[in-house]
Structures are given as C-alpha cells and as structure tokens.
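S.K.: Reproduced below are the annotations present in TrEMBL:
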| type | residues | note |
| --- | --- | --- |
| BINDING | A:H96, A:H197 | heme b b562 binding site |
| BINDING | A:H110, A:H211 | heme b b566 binding site |
| BINDING | A:H216 | ubiquinone binding site |
| DOMAIN | A:13-224 | domain 'Cytochrome b/b6 N-terminal region profile' |
| DOMAIN | A:227-419 | domain 'Cytochrome b/b6 C-terminal region profile' |
| TRANSMEM | A:42-68 | transmembrane segment |
| TRANSMEM | A:88-114 | transmembrane segment |
| TRANSMEM | A:126-148 | transmembrane segment |
| TRANSMEM | A:154-181 | transmembrane segment |
| TRANSMEM | A:193-214 | transmembrane segment |
| TRANSMEM | A:249-268 | transmembrane segment |
| TRANSMEM | A:319-339 | transmembrane segment |
| TRANSMEM | A:351-369 | transmembrane segment |
| TRANSMEM | A:389-411 | transmembrane segment |
Amino acid sequence: MAHGPSSSFKNPVVNWLDQRLPIFTMIQKEYGVFPTPRNFNYFWNFGAIAMIMLVTMIVSGIVLAMHYTPNTNLAFNSVERIMRDVNFGWLIRYIHMNGASFFFIAVYIHIFRGLYYGSYKKPRELLWMIGVVIFLLMMATAFMGYVLPWGQMSFWGATVITNLFSALPLVGQDIVTLLWGGFSVDNPTLNRFFALHYLLPFVITAVVFLHVAALHVTGSNNPYGVEPKGPQDTLPFHPYYTVKDSFGTVVYLAIFAAFVFYAPNFFGEADNYIPANPMVTPPHIVPEWYFLPYYAILKSVTFDITIPFTGLKLIEAKLGGVIAMFGSIAILFILPWLDTSPVRSARFRPLFKKGIFAFLVAFFLLMYVGAQTADAAWHLGGLEIPLVYVGQLATLVYFGFFLSLPFIGLIEKPLPLPASIAKPVLGGGASAAAGAAKPMEKA
Amino acid sequence: MRRLRSLILAGLVAVAAAAPAVASEEMEYPKNEWSHGGVTRGFSNIFGTFDRKALQRGFQVYKEVCSACHSMNLLSYRNLGALGYNEAEITAIAAGYDMTDGPNDEGEMFTRKGVPADHFKAPFANEKAAAAANGGKAPPDLSLIVKARKGGEDYLVALLTGFEEAPAGFALPSGGNYNKAFAGHVIAMPPPLSDGGVTFADGTKATVEQQAKDVATFLAWAAEPNLEARHQMGLKVMIFLLVLAGILYAAKRAVWADQH
Amino acid sequence: MADTTQTAGHGPGSGSHSGGDPSRRDFIYLAAAATGAVGAAVTVWPFIDSLNPAADTLALASTDVDLAPVQVGQSITVTWRGKPVFIRHRTAEEIKSAADVNVGELRDPQTDASRAKKPEWLVVVGICTHLGCIPLGQKNSDPRGEYGGWFCPCHGSVYDTSGRIRKGPAPRNLEVPSYAFKTDTSIRIG
C-alpha cells in the first residue's frame, strides 16, 4: 500500500503528514476511489454494520470493565451495581448485552450473503477463511463474556461447555482442569475468562484488518458473481457506498436501539438474574441464541459409533457430539474447495439455491431444537415426534448441504450469466429463463 | 431472491406454528395490566411509568409481610426516593432498623440506627441461617425476582393468589403448600397474604389480589429501577435515529441519482 | 471470470452528478453529516458520565462524627469520601496562636475565624495541597513543624494550628470540608 505515489492534498497539514506516513493516501485509495461493483444490494451493508457493532462492543465493554469485579463473590453484585448506581450504567450494560446479539445477527447475515452469492470462491478463499476465524473468535469471546455476570446460566453454561473438552480421549480431563484452573468452574476460571474476554476483541480487530486487507486485494464480489470488466461496472466507494452503508447502519442501529430501550431482556434468560449456585443446576440450561444450532448438533449425536458386526466402540456419543459440533464450523474452512461450480451467485444456480434453502431451514430448525428440553416432542394430531429426531434430521441436512456441493457443481445446469455488471442480459423482464442463452462464461 | 425469501418465511411460519405444541407444556399466567408495561415483556408499553401509589403500597406489603423471610440485598433505603418518599421519610424508614456495624476502634461490632445509604436489612444473618430457619431452603432474595422468573410480574401475582386446597388424591408432603401456579405445585412458602392483612394508608381495600399486584409492581421497580429513564431516553434516541435514517436516505438518493 | 480481477477506479463521482439541484444536494449532505456528528457527540456523554461517582458512592458522601469523646488537645482522623479528615480539639494556646497571625504575610491569606466554625474545633482535609501526601501531627508524638500544626514528610510543607501553609512547597492551606454542627458535639461532614 505504501509504495504507490502519494496523492497531493489541498490541506498543507494533511499533505505534510501524508508525505511522511501515507495514511491519507491509503484512505483515499481504499475507501475513497476504491472501485466497487455498482450492483450491490443491501446484503452488502452487513460487513460495515458488523464493524460498527464490533466498535460498539469494544467501547461499551471497556467502560463496563472499569466497574466490573471479576471475583465470584462480587461479580454478580458488581454487575447489578452497574445497573443501579453507575451513571447510565444500565444503558451501557444493555448496549453490551444486546450488542452481542446484534453483532451476531449482522455477522450471520454477512456469512449468509457470502454463502448465497458464492463470495468464498476463487480468488476469495483466504478472505472467506479469515472471516471464519473471526467468527470463531467471536464465539469464544461471546461465550466467555456470558460467564462474567456470574448468574446461574453463566455458571452452568461455562460448566457444560468446558466439559465438552472432557470428551477428548486420554487428555480430556486434564484439559478441562487446565481450563478451569481448579476442580470446577470457580474463581480462577472467572478471572481468566475476564482477562481473555478483554483480550480477544482486540485480536478480532486485528483479524478484521486482515479480512479487509484481503478484500481489497481481490475486490468485492457482487450479486451477479461476475467480476467487473471495466470502469463501467464499478463505482468509487465514496460517496456511493459510504452513504449507502451509513443509511443501512443507521436503520440497523434503530432496530438495535428499539431492543436496548424497549425489550432489553428479550435475548436474555431469566435464570441469569439468579446468582450462580454451584449446588443447584437450573432445570433447563440453554446457551445464548446464537449458539443454539451448534448446541442442537451436539445434542443430536445420541449414539455411539461402532464398527459394524464387531460391537467395537469407535467413537462414544459424547465425543461424537463434540466432533459434530466443531465439525459444523470447521467445514466452513474447506467450503471453497467443496463447491466445484464455476458459477458464484445462487441467482444463476437453481439446484444450489434449493440446497441453500434447505440448509437455511435446517439451520433455523436446529436453532429451535437447541432451545428445547432434551425430552421435548412435537404433537401433530396424535403423532409424537421427539425433537431429537428433528434435530438429527436437520443435522443431516446441515452437513448434507456442504457435502453435496461437489456433486451439485457437476450436475447443475447454471442459468445464463450476464455479460457484465453494467449490461445484465437478465435485466428488464421478469421471465429470466426466457432470455437468450448467451455462451456461458467459463472461469 | 424474492422466491427464496418467501420460502424462508414459509419455513419459519411452519416452525412457529409447530412451536406452540411444545410451548403449551410450560405454564401460562393470566396477563395483568401494568402501567409500566411489564419488566420482562418486550415492547409492551414504550411510554410506561410506574404507578407511584402502587409502589408505595407494594413497599408496605414487602415491609410488613415479605421482609419477615425475604431479603432484598441489592436495594438501599436511599432508593426509596423513586417511590415518592422525601428525604425525611426515607431517613425515618431507615432509622426504624438497627444495623450491625463495625468493628469499632475497640474491635467490637456495634449496633446503630439505619441510614439511607444502608442496604435493606436482611431478615437473617446469612443464607445458612435463612435456610435453617425455613426448613432447609433459604427464601430467595427478592431484589431481582421479577426478572429472575419467567412471566415476571404476572407470575408473581399468579403465585401469590394461587394458593388453594390440594385436589383430592394429590400427595402433599408435610411442610408443603399447594399452589396452582408453582412448578410442581408444592411450595414451602405458606400463603403469605390475607384479605386485610395490611392496612393501606391511602384507603385502598387490601384484598389478596390488590396486595399481590401492588407488591409485584414494587418488585418490578426493584428489579428494574431505571425503567422510566430507559423509556424516556428510548423515545429520544428512536426519534433521532429515524430522522437521521431519513436524512441519510435522502442523501443516498441524491448520490445515486445519476446511477439509476 | 479470473481474467478481470482489478479495474481502475474513476474519479470521485460528486462532480459528475447530473440530476438534481446542486444546492439542495449539498444541503442534504451537510444535514446528514451535521446530524450524524451531533448524534455521535451526544452518544459520548453517557460513556463519560459513567466514570463520574456512582449513586452509591455519592450516598456515602456525608459522614457523621461524634465529637464528645475528643479531649482538648486531642486530634482524631475520620474517613470522608475515602480521604482522611483531621479534627483537632484545639487548646486555648493553639486558638490564640492561630488567631494572632498577620494574615497579610500568609501565602494563602485566610483568617482563622473563616476556617473554624467554632474556635475550639478545627476540621480540615488531611491531604497536603502540594502533591497529596498525608501530613504528620495527629498524634502528640508526631513532628508538627515549627508552627504547631502539621508537617508533611514528603516535601517538608509546614502547616499552623489553623491548617494554613506557612513553609514549604504547598501552594494552599489545608482544605476545609463543608460541614455543619448538628449539635454542640456532633458534626456532619459533606
């Protein structure tokens, strides 16, 4: 970035600075004139929105940390002191609490957009993988943050999730003891979780920079999934997308504010307003909503995996569940190589579109199943369907979607692609299929 | 995209339609009207404020009935200003309690009159003492009870008015009381409220239901004392954000005018 | 697709706008920027104000002190807002030496009468106005400096029996907190 000829600015102070440290040249290049596909829809707002949410979380979190006490005897009351006595403490705490949910909502939409429009494909594989790393870091940060108020859900969520590692053969229990710093979730655990919860957002920020840097090497994907062919296909980032992102962000913030001010406990659990009690488990432990799909996948593996006819246990159900849960995220890393189709956007991929719809339904089903008790069932006209089966089916669809991508790419007949962004052959009439089939563009 | 969107919507509707089949197993409580809108109900009344009279009556119920067993450790007497009491009244309320303080210069604990900065005096010295005096289980602290129970205020009203004779054939363990709103129906707490059990200064008839609603209002305030400030600020913030969104939309239209 | 990876940008689009009245457009940009800036500025306030003393801290901002057990010539130290407050039951000589000073010669001219509500009781915040150390002189065995008041060991500031700076680097007299006599033998500080 630093080697290009530096621009010349009217303001002499800016010029002086820029000749010594070309940040203004960089901003001008990366956010001013940066050529951006002209056909973004509002799905492309969510990267910027996610970034704003990250900043919101860091700012509100730093202020909260100034009032919070990471000690098992004091943590719960220190949070309540923030809520009751600290000036605007309730506001800052509710912003942080709901901000986590709205950060995840933005990121989920951002990920879905990447999935739908094939943004993970060549040449953006690394961009996608860095994104998955951000997602993982976010999950770790959110999990540890949820422990800090030291309510019942905090404590038992921490206990259940850290116990996942005990499923690992041989070293499992040692790892769990290491994570705890004791023989149960206790003060040492709370202290290290606080330290890490404060640290990880800055790691996330650093990885976000890598994410953006990688994005600016390849340029953005777009709803057609067709690379820009010339200046007629792109617009300078500023003012076109700065103003569009600003508008989208403010609308999003308005929805966020509605929850902060009028339904601040909507995403929360009543049990977390009860101080942690290591002697009493709440009847129904659920993680935060953004973990529910993975929690459901974990719960779906209820069987040992054995070698047929020998009765030899290969993988215990507990370990199987853990593998499936981590696998459900890990599979995103190899997604760019699973998908064999040269066409990016689902808009031109009829079969993939059906698949991604099935995946989405499965994802929401898993989210729903994850929130229910282990013995819950659907009663449909006398028929009882245990939700475990629903979860298992949804888990199959979840993995089935990814694992069928190589084959979908082979058998699918894509719709004709637009010749370029500026001249979409599909523009105009709604009867897209009737459009003259242009020679398909090959990668 | 439009087709996909409708498909997703259809899927969500299907899930939502099936959901009540499961949810119905959870207990539902009759919904009451709350002038503050209900602390745990989202978007219920965005202009909601607490009923000051009900708060004061509810505090009286807590003071005269509940506080015999239930602590409210997160509240201080100074907080009572929000109920409409003035400083002299709060000082008088606080002075009605003897607080253990110390150690003094001789290393002894001593007793003094309560001051507004003191936390509400707890009925028992510690949780173990509370458990020992109440058949092995300490009565829960009430500071956050409205936010700590599903159903919030409505649940409390249902619970406080839900005591009745156990149905025939119901095996009620000794020391247990039958309550139709409590999970499992067996609750250790005996019916705390009775008609005319307290005498309200404002002349309101102290039925069990009235007392239950008033104390639920008081406990809702105790759990969420900043509800009114939140509602007021929320209105300003929402108006601001919507105006800003409108201006930005106009700006966006102007910028994109030559591109569409 | 891989054949076109980068395209050259064109100049900022603002100059090439064709539609709309330019002055109206500029007004919208200005309004958007100004509204956004105001919003950002207002948003900062709750975060700043949260660092101010919280309600529970303010509730403890006043302290009641019973003066009855304090003998003539004796000093006590009480905690007020996390700071030491020196209360000295002054002897007749101490009152006299404090009153007899020529105020005009002092670095921070204040009469004794303006510093003590009742001459026998001196109430001052026991924090040296130089750099915040706690001066010696509360115990009779402490060094009190040549004016019989307090002596700060950090940088040698010397205070008299009215808590006024007489020597050393401190710029001002020991601060007198706001206090009031509730009865003849009890005060409320703060």
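Cβ atoms here come from the backbone N, Cα and C positions, even for glycine.
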S.K.: Determine, using Cα-Cα distances only, which of these binding-site residues is closest to A:H96 (heme b b562 binding site): A:H110, A:H211, A:H216.
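M.R.: For A:H96 (heme b b562 binding site), the spatially nearest of the binding-site residues is A:H110.
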S.K.: Does the transmembrane segment (A:351-369) make contact with the transmembrane segment (A:389-411) through 3 or more Cβ pairs under 8 Å, each pair 6 or more apart in sequence?
M.R.: yes
S.K.: Between A:H96, A:H110, A:H197, A:H211, A:H216, which of the binding-site residues has the fewest other CB atoms within 10 angstroms in the structure shown?
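M.R.: If we count Cβ atoms within 10 Å for the binding-site residues A:H96, A:H110, A:H197, A:H211, A:H216, the smallest count is at A:H216.
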S.K.: Grab the same-chain neighbours of the transmembrane segment (A:319-339) for me: Cβ-Cβ under 8 Å, and only residues 6 or more beyond its ends, written as numbers and ranges.
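M.R.: That would be 118, 120-122, 124-125, 128-129, 132, 135-136, 139, 164-165, 167-169, 293-295, 297-301, 303-305, 395, 398-399, 402-403, 405-406, 408-409.
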S.K.: For the domain 'Cytochrome b/b6 N-terminal region profile' (A:13-224), what is the mean per-residue pLDDT, to the nearest integer?
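M.R.: Averaged over the domain 'Cytochrome b/b6 N-terminal region profile' (A:13-224), per-residue pLDDT gives 96.
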S.K.: Spatially, which candidate from the binding-site residues A:H110, A:H211, A:H216 is nearest to A:H197 (heme b b562 binding site), comparing Cα atoms?
M.R.: A:H211
S.K.: Look up A:H96 (heme b b562 binding site) in the DSSP assignment and reduce it to helix, strand or coil.
M.R.: helix
